[in-house]
Structure formats: structure tokens, C-alpha cells
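Written below as C-alpha cells is the structure these notes are about.
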Amino acid sequence: MTWLDLPASTGFGITNLPYGVFTSPSSEHARTGVAIGDHVLDLAGLTGDPVHATGSLNAFMAQGPESWASLRSMITAWLTDPVHQDRITPHLLPRASVTLRLPFEVADYVDFYSSRDHAENLGRMFRPGSPALTPNWKHLPIGYHGRAGTVQLSGTPVVRPQGQAQSPEGPVFVASRRLDIEAEIGFVVGAPSALGTPVPVRDFASHVFGVCVVNDWSARDLQAWEYVPLGPFLGKSFLTSVSPWVVPLAALSAARVKPPVRDEALLPYLEDGDEPWGLDLTLEVRLNGAVVSRPPFRGMYWTAAQQLAHMTVNGASLRTGDLYASGTVSGPTREERGSLIELSWNGTEPLALPDGSTRSFLEDGDEITISASAPAADGSRLSFGEVTGRVQAAH
Ligand SMILES: O=C(O)/C=C/C(=O)CC(=O)CC(=O)O
Ligand SMILES: [Ca+2]
Ligand SMILES: [Mg+2]
């Protein structure tokens, strides 16, 4: 129990304690904070530790899992034992009064493709006549390297991208007419690894610091024309949005579940081990305020621990600030699909919105908000906050 008076439904209770970076009316200096209820605990002001005054989480994340655990237990004690109340209270700022920043400097960015329902849906739409899943899909977590420099904070305007698309008369230069979303969960690497040394599945929690919500904005018309044979490029690199709070892995103990049964035996480096990292998270996608989907994360075929092992099995090293996203989270029913191309079945079944309009893809002015939540250790639900973005007309 915390001495703060928090409603049970806060989502930002004592078992969550996500990290972010903020400025406040009293100081334009960007610094690290922890969300608790409707407040932010100013760690730089409270501790005086310069690691929390750098304007990004990277320096702290680089310290590694012992530092992460020790700070988390100190914060828990500060907010739980009333003996600390007078010292802590001046460093609690109303969350509504602060401006949140991109929480970490993004090093490399990778995006996976680990929802079987999503992969099968896209396979059917993009590659009709071929098997829905490619032959490698159940043997390795498919992914691609994306553009780290265009990973931006929630709220960044989504300027409609322009580029080449196919038309019956040949390639044309267009403002994308098939602008889409992908509801995903992002994993943030804290502790680096050495070049040449793979990170095994079991070392996941020694390297990954925490989790955020990701929207991998996607221009389906640009993507469909450019992606063969090297994969996603300009159809996705214009913007990827992340939520402002990074939920530490330590907050997710009650959310851990067994991943689905695998149809094919895995090569040893991908075996789950005794404590697999399936996660029972629920995402929610809103379009102009109306809920259009609730994608379930627990069915994801590949876990983040397997993705990390796969990403490094060739000897590639990890850097502090690496972000890798799960891939679009889709479940088996229509109400669980994590992209508009799936929700509208490639535009053939437009979504009906409460205002009477319909959507297959995004229109200028549309706002997409993706949130996520998980069971918390105290029986409540913890919130990941949300990632939002509004579409602007092409330049
Ligand atoms: O199947 C394809 O050709 C394309 C798939 C995607 O666009 C999905 C992607 O970016 C990976 C993911 O988010 O699951
Ligand atoms: Ca994606
Ligand atoms: Mg993207």
C-alpha cells in the first residue's frame, strides 16, 4: 500500500512505476520521472543523481539489471512507508502539468512479425494463391531493421507520406491513399551485449529494460509496390510512434503466461526454457475516440525473449536504446485485428464508425490512439498509457 491516496483503477499504482522523461513549468531541464497515480515523481530532483538528469533513460538503462532492481525497490519503499512522505511530496508533480519527451534515445530499431493471425491475414491479402504463412514463419521470428531516427513520441503529427505506388498505367507518385496503423508492443534494450556473443533466451531480463506501446504507421500502397524482395522500406520508415512511459519488465510478473503450443519443433537456440515470456497484455485501438479493436498479446507465437535470441544469434550486438517491436498484434476475431487493412479486409469491408462514416484506411484529420494494460501483481490492472497520432494532409 502506498501513502498516496490512489483509486484502485489508476493503472499507475505502486506495482507499475513506469519511467519517462519530462520538463515542467518550473524547469525546462528534461529529466527522468516515474508515474504514480496522477503524479510524476521527479527522480532528478529527489535523488540529485546526474544519471536521471540527462534527458533520456539511456544512461540509467545502461547501468543494468542490478541498478534497475535496486532503484525500483527504493522507489517502492519511498512511496510505501509514510516515514518518507515529507521528503518525497515536494518532488511529486501533477502529471497533467508536465510535458513528456521521447523517453529514450533510440539506437537500432527492429520490427518483428510474430502474430500468427496477422501474418496469415496479410499473407492472404498480399499473396493470394500462396500459402498464408511463408515456409520459414514457424521456424524463426521474421523481422526487419527499420529507421530508428523516425521513431517519435506519441502525439507527433502523422504527415501523410508520399511516394511511388502501382497503378494500371504503371508507377505513379502519390500521397498514400492506404495509410494504416499497426498496433504493437515495443521492447527497450537497456544493457548492451558484446559483438560476436549471442544473447540466449534465458538472458532476456538481463538486457531488456522495459516495454512501451508502438504504432508502426504503414502506407500499404507504397509498401505493396516496393517490398519485393527486400521487405518494408519507405512504406514504414516515415514515422513510428511510441508511448511516453516505459513499463519495467519487473512490473510484468503477474502478466507472464505460457506462449501458444508451437506446431514445429524449434532449433535449440529458440527453445522457450522453463520460464517463457508470453505476456497477457491487452491492447485497445481507438479511431477518433471509438474503440475499433482489442488485440490480445497473449497469443503471440514468438516471445520477446525468443526475438532477442534470434536477433543476436548471428553475433550482432545490442546497444542501449535498441527498440524492437513485436509486430502487429492481431487475434483470431475481427474485433481483435491490429491494423485497418485487416479490419476492413483490404478495403472490401469498410469499418462503420459511430459518427455514421466508414473507413478502410486513414483520412486526413483522423486520430488513432492505442493503449495497453496488463494484470498487476496486486490484482488490479496496470496501464502502459497510450500512443496517439493525428493524420495531417501530405506536404
Ligand atoms: O506480409 C507482408 O508482406 C507485410 C507485413 C507487414 O506489413 C507487417 C509488418 O510490418 C510486421 C508486423 O508488424 O507484423
Ligand atoms: Ca509492423
Ligand atoms: Mg513505421
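Heads up, the Cβ atoms here are built off N, Cα and C, so glycines get one too.
Just so you know, TrEMBL annotations never went through curation; they're auto-generated.
The structure displayed is predicted, hence computed values, not measured ones.
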*Which one of ASP81, ASP86, ASP203, ASP216 goes with ASP111, GLU182, GLU184 at the Ca(2+) site, as TrEMBL has it?*
ASP216
*Could you work out which of the binding-site residues (GLN223, THR240, THR328) has its C-beta surrounded by the smallest number of other C-beta atoms within 10 A?*
GLN223
*Taking Cα-Cα distance, which of the binding-site residues TYR113, TYR227, THR328 are within 10 Å of GLU182 (Ca(2+) binding site)?*
THR328
*For the domain 'Fumarylacetoacetase N-terminal' (16-103), DSSP counts of helix, strand and coil?*
42 helix, 26 strand, 20 coil
*Give the sequence-ordered list of residues that share a chain with GLU184 (Ca(2+) binding site), lie 6 or more positions from it, and have CB atoms under 8 Å from its CB.*
ASP111, VAL213, VAL214, ASN215, ASP216, ALA325, SER326, GLY327, THR328, VAL329, GLY338
*Filter the candidate list ASP111, TYR113, GLU182, GLU184, TYR227, THR328 of binding-site residues, keeping only entries whose CB is under 6 Å from an atom of ligand 3.*
none
_binding-site residues close to ligand 2 - of ASP111, ARG127, GLU182, ASP216, only those whose C-beta is under 6 Å away_ = ASP111, GLU182, ASP216
